Amino acid sequence: MAAGRFLLRRLRASFRSPLRNALVDAPHARAMHDGGGPRRLCIEGNIAVGKSTFVKLLMKTHPEWQVATEPIAEWQNIQAAGAQKDGTSKRLGNLLEMMYQEPARWSYTFQTLSFMSRLKVQLEPIPGRLLQAEKSVRVFERSVYSDRYIFAKNLFENGSLSDIEWHIYQDWHSFLLQEFANRLLLHGFIYLQASPQVCMERLYQRDREEEKGIELAYLQQLHSQHEDWFINKTTKLHFEALQHVPVLVLDVTEDFSENAARQEELMGQVNTFMRNL
């Protein structure tokens, strides 16, 4: 719990401005409970399932929506705090690559960073244009919830996180999410579904350096985690509100990147889903 309090102080420090707190904390919480404010969606899916392509399609179809992409560049280039004499920051390493190369050593560190970066994104103030819009939408590429119930959970189950690391992670994860509960509420999940084999093919095609050591077995594990949560409903969730969030399942087995007809179908399903939220 001490770790949770320390992280909480750091987060609160980033939102210290009285004006910002007045705009973000109470009104945002009231808006969420009153049914007002932006609809908050999260896109979930396996590694290389096509989330980035889908996000670009969403942004093209709905330029009025605010879309927050996954902060991969931050994970690939960890910078030391404070500037050096020349005004630059010291580069500490590529944590994404380090995690894949030595999962037993770096998984806890990586999951701490990934959770904190997602949390900060989801806590960012609502832009004025969204507050003024009649029907505004915020979209997040993955969430603080999948960080725990998909990725960290899987790393624990495959032995990359120790018992004590998993216990500590869950402790401060629960503490922080309870502390910021009103500001992290989601109205819907969009689950992009494809087989591990399809994801493996797309992973090879995008040829990201850090992912060259990923094996099919790992994608199969993550696929099972997604299916257990979004399809089979067997994942034990510790936040009651999360258990009732609607899920739109989109089959993205077929490559839709240059298929206009399939793109139209997918966006039609999204629009129908949004109307029912």
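Note that Cβ sites are derived from N, Cα and C of the backbone, with glycine treated the same way.
Now, the feature entries from Swiss-Prot:
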- 1-39: transit peptide (TRANSIT)
- 45-53, 206-208, 254-256: ATP binding site (BINDING)
- E70, Y100, Q111, R118, R142, D147, E211: substrate binding site (BINDING)
- E141: active site, proton acceptor (ACT_SITE)
Response to the item:
Candidates G45, T53, D207, F256 (binding-site residues); nearest Cα to Y100 (substrate binding site) turns out to be D207
Discussion item. I'd like the number of other C-beta atoms within 10 A of the C-beta of R118 (substrate binding site), please.
Written reply: 23
Fill in: Cα-nearest neighbour of G45 (ATP binding site) within the listed recorded positions, Q111, R118, E141, D147
E141
Fill in: E141 (active site, proton acceptor) versus R118 (substrate binding site) - Cα distance in angstrom
9
Worksheet entry | Surrounding CB atoms that lie within 10 Å of the CB of T53 (ATP binding site), all protein chains | 18
Worksheet item: binding-site residues V49, K51, E70, E254, F256: which have a Cα within 10 Å of the residue listed as 'active site, proton acceptor'?
Response: K51, E70
Discussion item. Taking 10 A as the limit, how many CB atoms besides its own sit near the CB of I47 (ATP binding site)?
Written reply: 18
Discussion item. To see if you understand the setup: which same-chain residues, six or more apart in sequence, place their Cβ under 8 Å from that of E254 (ATP binding site)?
Written reply: R262
Worksheet item: Which site among E70, D147, D207 has the most other CB atoms no more than 10 Å from its CB, taking these as binding-site residues?
Response: D147
